[in-house]
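Asker: Right, I'll just put the structure down here and ask away after.
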Amino acid sequence: SGIGRNWPWASGGSSILAEFGTLHLEFVHLSHLSGNPVFAEKVMNIRKVLSRLDKPEGLYPNYLNPSSGQWGQHHVSIGGLGDSFYEYLLKAWLMSDKIDEEGKKMYYDAVQAIETHLIRKSSGGLTYIAEWKGGLLEHKMGHLTCFAGGMFALGADGAPNDKTGHHIELGAEIARTCHESYDRTSMKLGPEAFRFDGGVEAIATRQNEKYYILRPEVIETYMYMWRLTHDPKYRQWGWEAVEALEKHCRVDGGYSGIRDVYNNHESHDDVQQSFFLSETLKYLYLLFSEDDLLPFEHWVFNTEAHPLPVLQKDDGNREESQK
């Protein structure tokens with residue numbers, strides 16, 4: 001019919017931050033390729049709308065009502081529903097060859113708010129990113145959120161106030177926490193979400209959070225941390241994941257997700273997700289490759305790990321698309 005509709009479960013039919021906020025790289029690149037600025041103009045208009053809105057504690061809620069232009073319920077997550085919006089603020093700046101100052105400012109302002117209101121350290125010394133619901137913290141971290149370790153490290157070079165080392169360290173701490181979520185399971189594969197309450201740390205306590213569906217985010221962070229620090233532990237941790245995938249997920253015809261990573265008796269879900277090929281295996285390949293394969297100074301990976309070229313400063317079409 002051509003009629004657009006939002007998900008009925010999404011806070012009264014609201015638009016989702018990680019959906020409308022994860023078009024920027026592709027649309028700007030499309031304007032670059034086609035010479036038609038309309039695509040870049042669409043995503044820049046999204047920026048303008050978000051810039052005008054008041055943000056609770058500097059945070060971006062996951063839901064925005066497209067009719068009223070106001071936030072839906074105040075649920076903030078750096079994992080599902082929110083994740084790639086933040087990633088694309090940083091990567092828009094990087095893909096622009098670091099001339100997109102608006103994207104840069106929005107990213108570092110958001111990181112500051114995330115550090116202040118969402119990032120916490122457990123009694124056991126693990127740094128994690130909680131979720132924010134109506135002003136209250138839920139001390140849960142999703143597997144999806146584990147991408148943020150790589151994001152913080154990737155953005156370290158442009159961090160304000162000499163915070164480069166701090167952002168690298170923050171990325172390293174998130175990587176360690178996510179590795180612990182893998183290491184504390186029977187299969188050495190991470191659960192869909194893990195908690196820091198009720199006396200547990202980095203462990204899934206609910207049955208509907210104990211599954212693993214071949215997700216890439218932890219491997220993604222290992223890859224970025226390896227490229228940016230060359231600390232050998234990231235390759236070691238990546239190889240642990242390879243061995244666990246081969247042992248528990250390899251089946252006739254491919255790889256399958258696991259229903260419960262804490263149960264020694266394998267129960268496969270019989271699904272090989274598309275992102276296993278486009279992301280999980282690609283990031284593993286890059287983790288064990290030389291840095292000159294898709295080097296960061298020339299390439300930016302979109303949220304599904306597809307490489308897009310950095311658009312050089314002397315490219316007139318690119319500069320026009322950023323206006």
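Cβ atoms here come from the backbone N, Cα and C positions, even for glycine.
Feature list, courtesy of TrEMBL:
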{"type": "BINDING", "residues": "THR303", "note": "Ca(2+) binding site"}
{"type": "DISULFID", "residues": "CYS146-CYS178", "note": "disulfide bond"}
Asker: Hey, how far is THR303 (Ca(2+) binding site) from CYS146 (disulfide bond), Cα to Cα, in Å?
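Answerer: Computed Cα spacing between THR303 (Ca(2+) binding site) and CYS146 (disulfide bond) is 13 Å.
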Asker: According to DSSP, does THR303 (Ca(2+) binding site) sit in a helix, a strand, or coil?
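Answerer: The three-state answer is coil.
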Asker: For CYS178 (disulfide bond), what is the secondary structure state per DSSP, taken as helix, strand or coil?
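Answerer: Assignment for CYS178 (disulfide bond) reads helix.
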